[in-house]
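Chemist: As annotated in TrEMBL:
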- 38-62: transmembrane segment (TRANSMEM)
- 68-88: transmembrane segment (TRANSMEM)
- 118-143: transmembrane segment (TRANSMEM)
- 149-170: transmembrane segment (TRANSMEM)
- 182-205: transmembrane segment (TRANSMEM)
- 217-234: transmembrane segment (TRANSMEM)
- 255-275: transmembrane segment (TRANSMEM)
- 295-318: transmembrane segment (TRANSMEM)
- 339-362: transmembrane segment (TRANSMEM)
Amino acid sequence: ISGMLPTMEVPLVGGSSSTEETGCPKESLVVIEVKKQLYLAGPLITGCLLQNVVQMISVMFVGHLGELALSSASIATSFASVTGFSLLSGMASSLDTLCGQAFGARQYHLLGIYKQRAMFVLTLVSVVVAVVWAYTGQILLLFGQDPEIAMGAQSYIRWMIPSLFAYGLLQCHVRFLQTQNIVLPVMASAGVTALSHVLVCWLLVYKLGLGNKGAALANGISYLANVSILAIYIRVSPSCRSTWTDLSKEAFHDILSFMKLAVPSALMVCLEWWSFELLVLLSGLLPNPKLEASVLSICLNTGSLAFMIPFGLGAAISTRVSNELGAGRPEAARLATRVIMVLGLATGVSLGLIMLLGRNLWGYAYSNENEVVEYIARMMPLLSVTFIFDDLQCVLSGAVVRNNLRDSGTDAAAAGHYHAHQLG
């Protein structure tokens, strides 16, 4: 079995994985598939966690500057996620289908073209979003947010604009490597970035005296460092020699076809992100907006961090299914989907229990205010139950949404989140 497992540079479709080709017992195929998915998902989950922790670290630094600074940064981060990061992440996820199936069909030259096309489109989208971010304060005031929080959020998010462009490029690089089953460099670069981000935040927030503006600027510096590391790897690594063929004019053609796939992809991811982030924005309308926005943001930041685990599993199943479909093996794709359902349920239950056990301590990472810490402890049990179901939905979306079933995936997510909020 171990001889059939892929290395970092060998495509997962390289080994026999379907019943028709191997004649192996069904149990053996399941074990092989589990190992393949864990091999692929492990570094992806670690990479996703480390990429997500960048913004979380910034909010942690801001949280110790005071309740107003924390609530302003929380509202700004949620507004940024709703209007920018979710959109870019969703559009970039179209590369899971395009690059994944091209790699499975051994049309390697197309991967570089697809990546360049996505980078071009996402940069244009980032320009539009940056203009929206510049007027965040006025937009928040229009929707009834507390003026003090709204102006603080505007100041914070304007310093986050550089991170918007770097984030879009980063997502394109990650997907380009991920669909080739090259995941260890993604994990390593994210790890280096996360560790250095703590130092960058400390220097900008405290040593240079920039306060919450420094924490926002640190996001852009860290994302830019991450994308630079991956760009250098793609340029010099033999693993990408056949898939990265330098700049091509072909990348600027057929933009409309790319958008037809990218828009449904973005809708699916946005529905997932917005259902949480909009709650933080709405919390600013409550009687005690500083406390409510701070607490809800911390809880949802925790959920977002935990969400990176099923997100990594979803990315892994997306790559597995697209590779198998591209290679003409639908039975292997079905087996991969069944396996991920079991893995998703197991991770959801495990993480829910961890949230329950750590509910009385987690708040201190963000704030020294006892009122905030106690409020978080009361919210965590509800968050843990919600996460179990959201975990499974995210994992299954990886198989459905990223492999030409996007319309049904978007409908399912919309219905699921609508009913969840009705029950809540």
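The backbone N, Cα and C atoms fix where each Cβ goes, and this holds for glycine too.
Annotations in TrEMBL come from automatic prediction, not curation.
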Chemist: Is it the case that the transmembrane segment (217-234) and the transmembrane segment (149-170) have 3 or more CB pairs under 8 Å, with pairs at least 6 apart in sequence?
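Modeler: The answer is yes, given that the two segments have at least 3 Cβ pairs within the 8 Å cut-off.
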Chemist: Any chance the transmembrane segment (255-275) and the transmembrane segment (38-62) are in contact, meaning at least three CB pairs closer than 8 A with a sequence separation of 6+?
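Modeler: Between the transmembrane segment (38-62) and the transmembrane segment (255-275), which are separate recorded stretches, there is no contact, as judged by 3 or more close Cβ pairs.
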Chemist: Give the one range among 38-62, 295-318, 339-362 whose Cβ atoms make the most pairs under 8 Å with those of the transmembrane segment (182-205).
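Modeler: By Cβ pairs under 8 Å, 38-62 leads among 38-62, 295-318, 339-362.
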Chemist: Are there residues at least 6 beyond the ends of the transmembrane segment (339-362) whose Cβ is under 8 Å from a Cβ of it, and what are they?
Modeler: 30, 33-34, 37-38, 41, 298, 302, 306, 309-310, 313-314, 316-317, 373, 376-377, 380-381, 383-385, 387-392, 394-396, 398-399
Chemist: With Cβ-Cβ distances below 8 Å as the criterion, list the same-chain residues six or more beyond the ends of the transmembrane segment (68-88) that contact it, or say none.
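Modeler: The answer is 55, 58-59, 62, 122, 125-126, 129, 132-133, 136, 139-140, 145, 148-157, 160, 164, 167-168, 171, 211-212, 215-216, 266, 269-270, 272-274, 277-278, 280-281, 284, 289-291, 293-294, 296-298, 300-301, 366-367.
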